[in-house]
Amino acid sequence: MTNVNAEIGRMVLAGGIETNLHDVGAGNPVVLVHGSGPGVTAWANWRTVMPELSRHRRVIAPDMVGFGFTQRPHGIHYGVESWVAHLAGILDALELDRVDLVGNSFGGALSLAFAIRFPHRVRRLVLMGAVGVSFELTDGLDAVWGYEPSVPNMRKVMDYFAYDRSLVSDELAELRYKASTRPGFQEAFASMFPAPRQRWVDALASSDQDIRDIRHETLILHGRDDRVIPLETSLRLNQLIEPSQLHVFGRCGHWVQIEQNRGFIRLVNDFLAAED
């Protein structure tokens, strides 16, 4: 009997990088850009929302370079420019001129940077618990980026993610720990955000003026009780992006798409269904 790993979709060559992505549904394309948790994959990030979102549109969820089952090129320098270039390469490989972007946390910073650099290739933006502006490094984000593989450390990271700690079972912590120790995963992850880590928050941030210049309709989502990316970042983005709306979920941490699954799907579906 074949053991099929649901985290592996199909491979495309994007900007010279063998890229694992999930491509489901039909219609207007939306690209889901995952966060930067240890052992993360697009599937792990978006599995709870892809079935519903893909009922009405084409949903593409790639593993960004350095993460998941996408190739890790020898000698690559991980940073905003390389990740944005990879995202552009994914769109080119799929022959997509213009897409909606949904970015989670680190993926929000990449989506924002992509919209600034390639405004003609983005229709609408959704930013969820996004980085994108500078803030003082939180204990939660320091724990995420400073993760060293062990089950207790993975549980600590996941406790920071969740408002409802009952979601963080021993089984889930063990599962994600195993994911973080797959060949090549931790080596690439450890090279991305070495201490001191405030500099990586600042490096992922776009300038206030560049953000002010964004003209895309933007939906900003955040958990009120987020201990990884502070709510103030989304308040700031809402102030800077003139055509934006902000929704704050109470009793919710950094896992908006999991802890407020139905609300996330409803808001994103309604927002992306609107005509410009």
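Residue numbers in this text run from 1 along the chain shown.
Glycine is no exception: its Cβ is also placed from the backbone N, Cα and C atoms.
Pulled from Swiss-Prot, these are the features on record:
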ACT_SITE  Ser105  active site
ACT_SITE  Asp226  active site
ACT_SITE  His254  active site
DOMAIN    28-259  domain 'AB hydrolase-1'
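The two recorded residues, Asp226 (active site) and Ser105 (active site), have Cα atoms 11 Å apart. Within 10 Å of the C-beta of His254 (active site) we count 28 further C-beta atoms, all protein chains included. The active-site residues examined here are Ser105, Asp226; by Cβ neighbour count within 10 Å, the least packed of them is Asp226. Taken as a whole, the domain 'AB hydrolase-1' (28-259) shows an average pLDDT of 98 in this prediction. Reduced to three states, the DSSP call for Ser105 (active site) is coil.
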